[in-house]
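Contents: one structure, followed by commentary.
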């Protein structure tokens, strides 16, 4: 298709714009079209989604269509939406079409890549399994992250998904010197601004790219922004051979944006009003996130669970792609235990003695066993009280409460809110700490000493102070 062919707008339905072209000059699907908004003088990018006959193409706008009118001239760029790639984008904030939104000047990238790209061939993909250490005890012990894997953070509103994501970005940048790409998909602009300021303060911004398509933006931008971020991450993996962390906050908003445009594009809705192409849309994004022989992209995806219903089609479709799941629980958050990760619902496919080692596996299973038994005893405790339990069960409760508290941890990114300095705990320290609790070596240490501690030595220090 020749670049520069011209058409004109024939219909505008919110974010969906129909454009008529000469029959012999129709743009391809996914081509980016440009139209100048007469009210603002700014160009609006339209992405071709359907060819509907008689020279008319149906497009989705990447910016507000306020001010556009029928009859306006539209130009075909002859190519899909592209994103700037390379080290020039580090430390910058971009929008869905790769424009800077941080008022820090133009991005002088040497290359731009199209955001629609095929997933790596099977022969290019890596088959080795490695653990990515996060420094967060509950994750490293019970739901270890595979390098190049996909990890889901499930939770309702306000249980701490975004804070956990911010801590991971900080740990990867400072402890691992890795690059991170953050895709803000349909989340609050305030949170994006806070994240940017937080990263400037902690000095990790130089290793990070932020790509935002926030709540106030049209569904087209929210639907495509994850692909823009992924394209930038793919460059670091494929050309520079880096291990990259891709954060998507929130993958549910990606699905939600897709369902918003789907009905306007004239597609019949499927279950719960979602788009009929839900599984395909999700697959096209997720299959590009993988390890190759050159480098890896490990993806952490915050997943909002509508009305805390995990069977909703959006979270349920995401589940199929994940290697590890971190479930955040309102019940644990209400106890004041942060991160509010549910140790029984969270899991990882690599928690296997052949991968993590026998000791790690046995300590993790031992911790879950004690916590599960404690959960089973809750009804008896509520009715009869702890005193009516057998000595063995009393010991289970005693240790479970210490484990529960030791799973909490102060975060670096929350320091200015909590006043507690953050802690990064290596995996070996985490395993050693929980092993000592399971072996009964700390049965005489007060519960309170375990709360919001780093490693087990810090707990012992606190216990000494409490006794003195």
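Every residue, even glycine, has its Cβ placed from backbone N, Cα and C.
Features of the protein shown, as given by Swiss-Prot:
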- 155, 156, 157, 158, 159, 160, 161, 162: ATP binding site (BINDING)
At 10 angstroms around each C-beta, which of the binding-site residues 157, 159 has the fewest other C-beta atoms nearby?
157
Which residues does residue 156 (ATP binding site) neighbour through Cβ under 8 Å, counting only same-chain ones at least six apart?
304, 305, 307, 308, 328, 330
Relative to the mean position of the Cβ atoms of 155, 156, 157, 158, 159, 160, 161, 162, the recorded ATP site, which additional same-chain residues have Cβ within 8 Å?
304, 328, 333, 340
Residue among binding-site residues 155, 158, 160 with least C-beta crowding, 10 angstrom cut-off:
158
Could you check what DSSP calls residue 161 (ATP binding site) once collapsed to helix, strand or coil?
helix
Using a Cβ-Cβ cut-off under 8 angstroms and a sequence gap of six or more, which residues of the chain neighbour residue 162 (ATP binding site)?
187, 191, 195, 249, 302
So how many other Cβ atoms are close to residue 161 (ATP binding site), meaning within 10 Å of its Cβ?
25
